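As written in Swiss-Prot, here are the features:
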type     : residues                             : note
BINDING  : 73, 74, 155, 183, 203, 204, 205, 241 : pyridoxal 5'-phosphate binding site
MOD_RES  : 206                                  : N6-(pyridoxal phosphate)lysine
ACT_SITE : 328                                  : active site, cysteine persulfide intermediate
BINDING  : 328                                  : [2Fe-2S] cluster binding site
């Protein structure tokens, strides 16, 4: 069987063997409903508490009760935006939300939905480097602003947004602040206190945990109308039977993610840089966005004259997995929205390829990717009508 190389880790990651190992007993033996009063239920409580302890410490929250279990970051993002709509827009008349054009569809689409209900949403444009400034946020805030929602790191470019500065402005202005940290956790340090975040979303499968489980940090003292009703789980904040094995797995994945932060920076970052430098030697290849203020695993490259989908399928034939952008939208085969937002033509935006590494990638895999990518660029340009 040919070697398979996975370079789509911003879409999802392989589960860490240590995570699977710690989950197994709760799939096989300790399968009781935690809400049950008998021993099958109560014996799961220590493991849940330990997992929550790992989660709140992993983001430097003040209290274990500040982290609420959800099914994924999409749910977390929806909960924040719709909860703020109920709590601030309807009840207090604060009918304005500030976000950016670079957000994940889970935020953008929810904001579009809220607009249909009469909420005013300001979508801050990104600059030629793919970022925004804290000053843009400050200028956009009005007395009617209920929430600012800005991602910590972009899923396509890996660019890190000025979260601490934005959080400080929101605190000063008395505006709630939410950050989608899905692409930051496990790659760079994430500290909700330094960020002055009121809400923070995360998803286990982006840091080598299981799919179908995520979390939402809600700062102590901040209220948020529940998205789901029908039970008193998570202190009455999120109804639904607790998914014990996945909670346990997510806790362990968070612990391992924090432990591997130096490895991400020193090893994964150097592999990404090696890949990037080699690809830049191919004529008319460019890296999209700021190359300095990024998470260490991500590069978004444009190969002029080659449709991103064509390159993607060529790599796939050689058992190399990459992406043209967000996995939640990639089946649509639309132009890369970040490239469009920074002012690239739609023709150029269609040439984007995202390569995202993990701690499980090897230098041999990167060398093979460089070889295959370079050969594919030559072959596809020879048959391209636009190069």
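In case you wondered, yes, glycine gets a Cβ from its N, Cα and C as well.
Structural mapping of features recorded in Swiss-Prot.
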residue: 73; record: pyridoxal 5'-phosphate binding site; Cβ contacts under 8 Å, 6 or more apart: 104, 106, 180, 182, 201, 202, 203, 206, 214
residue: 183; record: pyridoxal 5'-phosphate binding site; Cβ contacts under 8 Å, 6 or more apart: 10, 151, 152, 153, 154, 155, 158, 206, 295, 298
residue: 204; record: pyridoxal 5'-phosphate binding site; Cβ contacts under 8 Å, 6 or more apart: 210, 211, 213, 214, 215, 246, 249, 250, 253, 254
residue: 205; record: pyridoxal 5'-phosphate binding site; Cβ contacts under 8 Å, 6 or more apart: 12, 13, 15, 72, 211, 212, 213
residue: 241; record: pyridoxal 5'-phosphate binding site; Cβ contacts under 8 Å, 6 or more apart: 33, 34, 35, 231, 233
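Other Cβ atoms within 10 Å of the Cβ of residue 206 (N6-(pyridoxal phosphate)lysine), summed over all protein chains shown, number 27.
Largest Cα-Cα distance over the residues recorded as binding pyridoxal 5'-phosphate, namely 73, 74, 155, 183, 203, 204, 205, 241, equals 30 Å. For the recorded site, residue 73 (pyridoxal 5'-phosphate binding site), the DSSP three-state label reads helix. In this structure, the binding-site residues under consideration are 74, 155, 203, and the one with the smallest number of other Cβ atoms within 10 Å of its Cβ is 74. According to DSSP, residue 203 (pyridoxal 5'-phosphate binding site) is assigned to a strand segment. DSSP assigns residue 183 (pyridoxal 5'-phosphate binding site) to coil, not to a helix or a strand.
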